[in-house]
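As structure tokens, the structure follows; a few thoughts come after it.
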Amino acid sequence: MFSTSTKEAIKAALSIVIAICLALWFQWEKPYWAAIAVAVMALNESFAHSINKGHNRLMGTLLGTGYAFFLIAMFSQARFLFLTFFTLFLGVCIFMSSDEKYGYIFSIGFAVCSIISCMGGFDSQVTFYFAVLRIQETLLGVITFSIIYRLVWPVNTEQNFVQRFEVSRETLITAMRNTESLDIETLESNIANIDKLYQLLDLPLNGSYHLKENIKDWRLRINEMAHIQARLLELASDELEPIIDWSSLIKNMERLELIAPKLSLIGDVPNVACKSRDFTWHYEHRTFVQHLNEDGRKVLQGVSMFVTSLLIWIYLPVPGGFIFPMIAGVFSSVLPTMPPSVIKDAFFGVLGTGTSILLQYIFIMPMMSELWQLALFYFINCVVIWKVFATPKLMIHRILGINLLVVLTSGALNLTPIYQIETPLLMLTTILILLMISKLFTDLFRVKYNC
């Protein structure tokens, strides 16, 4: 009835709307925090990736909350020390954000620390209130997403794994049947698919019963598939010396049962397994020097952006109170880890999507008087954003669109709705100014490659 992309859009929109409605029902402030948590999880390629992202987001929230408490408790009366330790934490978070397994914890950790520290206004009670509220909203978003995605058109990790495995198997069978005219590009792209299979086996497998039960056998089969892939690449580059019985490997591949993958793909076929090479996927391990060489420039870029933004906020009459340094902290921790083109996309996304949302906020939302009207408004907008920005290149516009949707219209999400044009206009202006500052330092710290 619906295409896959439409189903995903409906599930994401439904999860966001339910999270907002539940937060309002619980009489919590900042319902958009729960909505953003749902949106971030919904952007992942599988349910297991989403659950892992939700877990890391919760851990990052706890990290940022704890450090915000430390800053307020120790340096609430010392502005210089407060900003110094705040900036040091930014440097550490940017440095650690490239870690494949735990990087997102540090990325969201500084963002949460920035939000809670700025919103708290050096008041311990207000800071504690927003810290607890942030944790509650994040938990609500994770739970809502998990329930909706398990009940509405569920696609578990096992289905994703089987689909990827079938693609890799067909690629290898086709290559082994045509060893005289191998397609190197197809084989090389299959390497990434095999790596994804390894990664899926390392993610939470809740609901994937057959996959979880046979996880050891699947690890062996994927490892054997990687060995066959390596031999085919050697053959394509005329580096394969031993003779391999490809027809037997094809039979083994075709006979493999997905429910119980006990049969070896290699079997007794000689010269396939590369004893000197381990193809098992694992998280990248780097020395401190390698880490410093790769991420030192990002740290300098992020810290420079943040310090410059702070100086502008302190010495120039920037309106909006804590909004400017809060958004500056979030941007400084996120943008240095992204490609430079993201800033340009974000700039035009803010102008286009932000203007569209602002017009709706001015002309449509003040006429709403019921919760179902508010829910329908967010549902339609979320589906449109999800469908319009459906390609991988437009993912930045998807997450940016959802963020702008719930943040610019946050006045309507108050327990007593407030419609003021000043706040969303100030938010848009602040974002555009900070994007220009980010562009300056991105160009300054960009790595130039000599041809």
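Quick reminder: no glycine exception, Cβ is built from N, Cα and C everywhere.
Just so you know, TrEMBL annotations are computer predictions that nobody has curated.
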Correct range for transmembrane segment (source TrEMBL, candidates 128-149, 370-391): 128-149
Cβ pairs under 8 Å between the transmembrane segment (32-51) and the transmembrane segment (401-419), at least three: yes
Dominant neighbour of the transmembrane segment (401-419) in 80-97, 104-122, 128-149, 425-445, by Cβ pairs under 8 Å: 425-445
Region pair the transmembrane segment (104-122) / the transmembrane segment (58-74), three or more CB pairs under 8 Å: yes
Per Cβ pairs under 8 Å, the stretch of 9-26, 80-97, 128-149, 425-445 packing most closely against the transmembrane segment (58-74): 128-149
Within-chain partners of the transmembrane segment (128-149) [C-beta distance under 8 Å, separation at least 6 from its ends]: 11, 14-15, 18-19, 22-23, 26, 28-31, 33-38, 41-42, 47, 50-51, 54-55, 57-58, 61-62, 65, 68-69, 112, 115-116, 119-120, 155
Close approaches to the transmembrane segment (425-445) from elsewhere in its chain (Cβ under 8 angstroms; 6 or more beyond its ends): 297-298, 300-301, 304-305, 308-309, 312, 319-320, 323-324, 327-328, 331-332, 335-336, 340, 343-344, 346-347, 350-351, 354, 358, 407-408
